[in-house]
């Protein structure tokens, strides 16, 4: 029932057997028996244990190898690779062409790639960005024959290789890698820029290959381990080297007067480390190489004096230009023509002969000043006499308003409506200026009826009209009268629109009717004017009788219908109130009769009859 008891019994059963066996060997001593037992144990245990231990070690090594192999495969599978799908997706992300050959730039930086691959279709690349990856080798760039820029900084490169297909490569950046030797760059015929900062370069032999790069202009060797001053001999063998950066290397401390020495030995250098090499710095460095610090100081003073002189010369040139411009301006203000450049140069030549020669700088200043004036003359050509013409035009514009004002004032006592009544004469006289029209309008607005003369001054006004027309000599009114028997009373009414603003009332009407133009070219040709002239003096005395005896019957009947037949003779008179100064023409005829009489008068103008000429003596003066 109990397993422990059974185990004890089994042990007890085995022990007697051992005792029996020991009893069989009772002839031997106890020590011999112990040794024999130990030997048997060793023979039984020794080989088996060693074989087992070796098997265990082998199995452990195999397990470690299997685990490391699995880890490597997993790492290779987990890392990103340059697959075609990934590259197309990347091109789409950066808004590049899906067609690989059309892309000239490919951005593959910060992607974690460990090798370059699958770029065979990208044959048109000119710039390839592969920085900040895990690339360990330069490879698979055979299709990039048009590549100009290759950026491989911050990778795991140990060697420069496989760059032979890149025959057009211009810039190569291999900074922040583990490169120990510069090599395999002579196959790049147009390589211009090489950046090798933060690498493992140490000796002169590591950079000896740079002497074969004949087109290399920009070289960055900063933050390496270069310590031998003999590297300058390698750099001197580079004919096109312009920019050099050696900061962060021990060699900068091992070369005495580092900057001066490098500047003197590298003749074509224009930029060293963190600042440019100016011509002044190069001259001072060369003077230091010839005569030490004293020569350098003297050379520096000479350069400073030259720079100061150049500044003063430029200021003097500007002052000379300003002075000559002021002289020209004064000459133009005085009305004198400015001297040409040849005379100015001849005038300045005696002064130049008196003064000691200043050298080429003074000649350059003179040439610069002359060139500036020539350019100004070409851009802004000056017209001789232009100011005089402007003055003449200004005088004319000043005189014309005065003349127009005087003419307008002289026309005031004549007839104010000259422009309205004589359109044909105005057309032949020519178009007037806007100033004269404005002044004439102002004078028209200033006319008042109270200022008009009385009817008793008929003879005096006629004389003044003739005198004024002789003085001015410009005809203002051309009279066209139709001496017909039907237009007797309506003649004044038809001429009313022209004469409603006349200053002389009815006498003015008579004077305007028989006014003859003094100009021979514009004289009015009116038939029977000689017959009508004697009656002009007696018109005032017989005017009432003419209207009372010769008034047509239809007019009297029409006015009588309105209830004003008794006062019709008084109303039909032109203007009887001379004392009040209101000389208004009568408007007794209706509009219909006025239109008929105007039409009849226009017909009678063409063919005057002898009967009309006889009756004109009595009725034409109305």
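Cβ atoms are placed via backbone N, Cα and C, with glycine included.
As annotated by Swiss-Prot, compositional bias 'Polar residues' applies to 1-11, 535-552, 568-578. Look at Swiss-Prot and you will find 32-42, 62-80, 326-336 tagged as compositional bias 'Basic and acidic residues'. As annotated by Swiss-Prot, domain 'LRRCT' applies to 249-288. Taken from Swiss-Prot, the feature phosphoserine covers 349, 464, 487. The region 'Disordered' annotation in Swiss-Prot covers 1-80, 326-363, 481-505, 535-622. The feature repeat 'LRR 1' is assigned by Swiss-Prot to 101-123. For 124-145, the entry in Swiss-Prot reads repeat 'LRR 2'. Among the features that Swiss-Prot reports, repeat 'LRR 3' is placed at 146-167.
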With Cβ-Cβ distances below 8 Å as the criterion, list the same-chain residues six or more beyond the ends of the domain 'LRRCT' (249-288) that contact it, or say none. 221-229, 231-232, 235-236, 239-243, 295-296, 298-300, 303
Over the repeat 'LRR 1' (101-123) the mean pLDDT stands at 94
Across the domain 'LRRCT' (249-288), what are the DSSP residue counts per state (helix, strand, coil)? 22 helix, 4 strand, 14 coil
Work out, from DSSP, the number of helix, strand and coil residues along the repeat 'LRR 2' (124-145). 0 helix, 3 strand, 19 coil
Just give the helix, strand and coil counts over the repeat 'LRR 3' (146-167), going by DSSP. 0 helix, 3 strand, 19 coil
